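See below for the structure under consideration.
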């Protein structure tokens, strides 16, 4: 018999059963899921990159010729 894994909600820290039946996992509720989405949309959360990484990544995207 296996025990149901429990994680903490990334937004509020409440314990959450991490099962397929929990449609909000790893969040405890739709509210916490939307709070997290809003934080990403307003750039409160960011994925760290080297300062010049974007310049190299997008350097070929813009053609200086008109």
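Backbone N, Cα and C define each Cβ position, glycine as well.
For reference, Swiss-Prot has these:
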type	residues	note
BINDING	9, 12, 28, 32	Zn(2+) binding site
Name, in the order they occur in the sequence, the residues of the same chain whose CB lies under 8 A from the CB of residue 9 (Zn(2+) binding site) and which sit 6 or more residues away.
15, 16, 26, 27, 28, 29, 32
Give the number of CB atoms, excluding that of residue 32 (Zn(2+) binding site) itself, located within 10 Å of its CB.
19
Using a 10 Å radius around each Cβ and all protein chains in view, which of these binding-site residues has the most neighbours: 12, 28?
28
Extra residues within 8 Å (Cβ to Cβ centroid of 9, 12, 28, 32), Zn(2+)
10, 11, 13, 14, 16, 27, 29, 31
